[in-house]
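Visitor: Okay, handing you the structure first.
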Amino acid sequence: MMLMTLVDEIKNRSSHVDAAIDELLPVTRPEELYKASRYLVDAGGKRLRPAVLILAAEAVGSNLRSVLPAAVAVELVHNFTLIHDDIMDRDDIRRGMPAVHVKWGEAGAILAGDTLYSKAFEILSKVENEPVRVLKCMDVLSKTCTEICEGQWLDMDFETRKKVTESEYLEMVEKKTSVLYAAAAKIGALLGGASDEVAEALSEYGRLIGIGFQMYDDVLDMTAPEEVLGKVRGSDLMEGKYTLIVINAFEKGVKLDIFGKGEATLEETEAAVRTLTECGSLDYVKNLAISYIEEGKEKLDVLRDCPEKTLLLQIADYMISREY
């Protein structure tokens with residue numbers, strides 16, 4: 001029998017997550033609030049974080065059904081951050097569709113995000129497991145949400161700065177993006193019955209691949225076709241976002257005319273991408289992303305050889321080989 005591809009494996013688990021979302025987050029009164037809350041969740045997304053959680057649990061001997069509420073909780077937290085990020089970043093398009101605040105207004109979007117946030121903890125509390133392990137997971141997720149807020153604050157602060165260093169960027173990315181991957185892996189391990197040592201190693205796996213994921217995301221923003229991205233190519237540059245690519249280029253004395261300009265022609269964008277390629281900044285970030293991914297994969301040495309471990313390794317590789 002032919003082995004399913006990584007995409008098939010993730011889709012298989014995602015279908016269970018989607019069914020659990022329907023059960024645990026039904027559209028009830030007031031309907032518009034729950035429609036707004038479910039809007040991005042139902043729009044799809046990769047479901048990578050729930051997949052990491054489920055695979056971590058399975059890799060240490062548990063099963064999908066026992067951790068489904070936790071997987072849903074992590075996905076709801078992810079979507080809560082997207083809704084609020086789009087408001088703060090003034091991004092009107094998400095996943096190729098109008099953002100939540102465009103359809104329901106900023107106040108409605110804030111409430112939709114808050115609903116997902118609170119429901120995540122309510123749903124996580126429903127996990128049937130040892131109370132001490134559920135409590136540990138609640139602690140992990142609550143601290144993660146705080147760190148995400150810290151990371152978003154740092155990202156916003158960068159917009160007012162003339163200079164941002166690589167270490168500052170890495171702190172921001174770790175808090176804003178990678179901590180939720182770390183939480184997903186750790187929660188899955190804890191609910192699967194893993195020791196604290198194994199759970200911490202899986203947390204490190206999530207943290208490291210999450211950093212690599214964001215670095216590669218920054219690369220894709222400048223290199224992927226717009227129809228794949230679902231947004232304007234080079235939008236980070238035009239918006240004046242301090243990605244590591246830009247930080248590295250500025251440290252080399254490179255000038256980027258479209259940085260913070262707000263808009264640019266296709267020719268201007270292509271010229272900027274050529275400049276970043278020729279100065280080596282794009283390759284620098286690509287290679288650094290690869291090194292984070294490889295280090296993250298090494299953390300899985302604590303696991304026995306099993307299909308789920310292989311899939312976690314493949315997810316790590318996917319972070320730096322995807323098209324969007």
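Cβ coordinates are placed from backbone N, Cα and C, and glycine is handled just like the others.
Small disclaimer: the values here were computed from a predicted structure and weren't measured.
According to Swiss-Prot, the protein has these features:
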BINDING   LYS46, ARG49, HIS78, ARG95  isopentenyl diphosphate binding site
BINDING   ASP85, ASP89  Mg(2+) 2 binding site
BINDING   ASP85, ASP89  Mg(2+) 1 binding site
BINDING   ARG94, LYS176, THR177, GLN214, LYS231, LYS241  all-trans-polyprenyl diphosphate binding site
Visitor: The record names LYS46, ARG49, HIS78, ARG95 as the residues that bind isopentenyl diphosphate; what is their largest Cα to Cα distance in Å?
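Guide: That value is 17 Å for the farthest Cα pair.
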Visitor: A 10 Å Cβ contact count, applied to the binding-site residues ARG94, ARG95, LYS241: which residue has the minimum?
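Guide: Output over binding-site residues ARG94, ARG95, LYS241: least Cβ neighbours within 10 Å is ARG95.
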Visitor: Of these binding-site residues, ASP85, ASP89, which scores lowest on Cβ atoms within 10 Å?
Guide: ASP89
Visitor: Starting from the Cβ centroid of LYS46, ARG49, HIS78, ARG95, which together make up the recorded isopentenyl diphosphate site, report each further residue of the same chain whose Cβ lies within 8 Å of that point, ordered by sequence.
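Guide: Leaving out the recorded residues gives GLY45, ARG47, LEU48, GLU75, ASN79, LEU82.
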Visitor: Taking each of the binding-site residues LYS46, ARG49, LYS176 in turn and counting other Cβ atoms within 10 Å of its Cβ, which one has the fewest?
Guide: LYS46
Visitor: Say we define neighbours as other CB atoms within 10 Å of the CB. Which of the binding-site residues THR177, GLN214 has the fewest?
Guide: THR177
Visitor: For ARG94 (all-trans-polyprenyl diphosphate binding site), which DSSP three-state class applies?
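Guide: Note: ARG94 (all-trans-polyprenyl diphosphate binding site) is in a strand by DSSP.
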